[in-house]
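So the structure is just underneath, and the comments pick up after that.
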Amino acid sequence: MKRPIFIGITGGTGSGKSTIAKEIYRQFGEDCIAMIEQDSYYKDQSHLSMEDRVKTNYDHPNAFDNNLLVSHLESLLNGHSIQKPSYDFSIHNRIEDTTKVEPKEIVIVEGILILEDPRIRELLDIKIYVDTDADVRIIRRMVRDINERGRTMESVINQYLNVVKPMHNQFTEPTKKFADIIIPEGGHNKVAIDIIVAKIKEVLGKYE
């Protein structure tokens, strides 16, 4: 198998990262793409009580097991399959279930802090930052966390103001400078997606 290309998609919470990833997935097909979500690599917290898990700052780089993520990306780069961990947000902990991910022609790595770690940046062939207005992002996060993660509106708002927003400004926003492509206004920018698809095809051609 020829060397896979690694595409990093980052941006603030609710910016439209998943929308971009899904559109690339749609254009190239499941046979060509492996998906790696940084959210799957939150650290195991089995040693903590639920009360302490809830206090974890999930928007800080220390919340992620980047050593495992880097190891898995290197395995995919070398043509080996991995067992991607699973994280249950309702219990704030990793669970035993894993997902087997085979090496593919294109590996998409998606998450709020993937460009913060230089080891991950080094592995990425194309680095994308999805730049979306903060008001839009908080609304999207509220809808997601209430509907999918069993959160209350009050808890989501408090977390956004006290953790998410300051962490975004301190850690996520500054990584924009590392991006090759910056997409304004979220994941519904067709021109930007067309440019990304063309760039992916160009890079794929180099590895033929």
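Here the Cβ of each residue, glycine as well, is placed from N, Cα and C on the backbone.
Now, the feature entries from Swiss-Prot:
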type	residues	note
BINDING	Gly11, Gly12, Thr13, Gly14, Ser15, Gly16, Lys17, Ser18	ATP binding site
- What count of other C-beta atoms do you get within 10 angstroms of the C-beta of Gly11 (ATP binding site), across all chains shown? 30
- Which of Thr13, Ser15, Ser18 has the fewest nearby Cβ atoms, counting only those within 10 Å, among these binding-site residues? Ser18
- Message: Using a 10 Å radius around its CB, how many other CB atoms surround Gly14 (ATP binding site)?
- Response: 24
- Task: Determine the most Cβ-crowded residue among the binding-site residues Gly12, Gly16, using a 10 Å radius around each Cβ and all protein chains in the structure.
- Result: Gly12
- Check Ser18 (ATP binding site) against DSSP and tell me helix, strand or coil, would you? helix
